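*Asks:* Following this message is one structure expressed as C-alpha cells.
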Amino acid sequence: MPPSVGGSAANPDTGQHAWIPNRGFSAHQPTKETALTDKPDFAKGNGLLPVIVQDAASRRVLMLAYMNEEAWAKTVETGLAHYWSRSRKKIWLKGETSGHVQRVRDMYVDCDADTLLIVVEQAGGAACHEGYASCFFRRLQDGAFVVTEQRVFDPKEVYKA
C-alpha cells in the first residue's frame with residue numbers, strides 16, 4: 001500500500017479522523033491523471049477563491065468565505081481554517097475572537113481548481129458571527145426571508161469591543 005499523503009488519519013480504536021498538518025488532504029496517492037496542481041488556481045478569481053464550508057458531522061453548509069493564497073497556505077499548514085476578509089482586507093483565523101475555530105477535516109477542489117469545499121469540525125457549535133450554527137439561517141417563505149433557527153450564542157456577549 002502506498003504511503004498516505006492524506007491530511008486526516010483514522011484512529012484505529014475509534015474510527016475518528018484527526019488532522020495531520022502539512023500532509024495534504026487526500027487519502028490516496030496522487031497520480032498524473034488525478035493530480036491537477038500543487039495548489040488551487042488563484043489567478044482566475046483575481047487572487048481569491050470562494051470556499052464552501054461544510055460541517056463534518058451534519059454535512060450542513062455552514063458558510064461561504066474566500067481564501068487568498070496565503071490564507072490557503074496557513075490553513076494547510078495549521079489545520080485551522082484561515083480566510084481573506086474582503087471588507088477588512090486581511091487574513092483572519094476563523095474563531096480568533098469567538099473561539100469558534102474550524103478544524104479542517106477534509107478539503108476538495110472543484111473541476112476547474114478555482115473553488116474549494118472544506119469539511120470542518122466547528123468548535124462552539126456556531127460558524128456565523130451573528131450567533132447561528134450556519135450563516136444560512138434565513139429561509140425564503142412567502143416572498144420574505146425569515147429566521148428559521150435559534151441562536152447558539154449572543155454576539156453582544158462574544159464580540160465585546
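From the backbone N, Cα and C atoms, a Cβ is placed for every residue, glycine too.
TrEMBL feature annotations, pasted as is:
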type: REGION; residues: 1-39; note: region 'Disordered'
type: DOMAIN; residues: 63-137; note: domain 'Phosphoribosyl-AMP cyclohydrolase'
type: BINDING; residues: Asp110, Asp112, Asp114; note: Mg(2+) binding site
type: BINDING; residues: Cys111, Cys128, Cys135; note: Zn(2+) binding site
*Asks:* How many Å separate the Cα atoms of Asp110 (Mg(2+) binding site) and Cys135 (Zn(2+) binding site)?
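*Replies:* Computed Cα spacing between Asp110 (Mg(2+) binding site) and Cys135 (Zn(2+) binding site) is 22 Å.
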*Asks:* In three-state terms from DSSP, label Asp112 (Mg(2+) binding site) for me.
*Replies:* coil
*Asks:* In DSSP terms, helix, strand or coil for Cys128 (Zn(2+) binding site)?
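*Replies:* The three-state answer is coil.
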*Asks:* Round to a whole number and give the Cα-to-Cα distance in Å for the pair Cys135 (Zn(2+) binding site) and Asp112 (Mg(2+) binding site).
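*Replies:* A Cα-Cα distance of 26 Å.
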*Asks:* Cα-Cα, whole number of Å: Asp114 (Mg(2+) binding site) versus Cys128 (Zn(2+) binding site)?
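*Replies:* That separation, Cα to Cα, works out to 24 Å.
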*Asks:* Counting other Cβ atoms within 10 Å of each residue's Cβ, which of the binding-site residues Asp110, Asp112, Asp114 comes out lowest?
*Replies:* Asp112
*Asks:* Given Cys128 (Zn(2+) binding site) and Asp112 (Mg(2+) binding site), what distance in Å do their CA atoms have, once rounded to a whole number?
*Replies:* 28
*Asks:* So which one is it: of the binding-site residues Cys111, Cys128, Cys135, which has the fewest other Cβ atoms within 10 Å?
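*Replies:* Relative to the other binding-site residues in Cys111, Cys128, Cys135, Cys111 has the fewest Cβ atoms within 10 Å.
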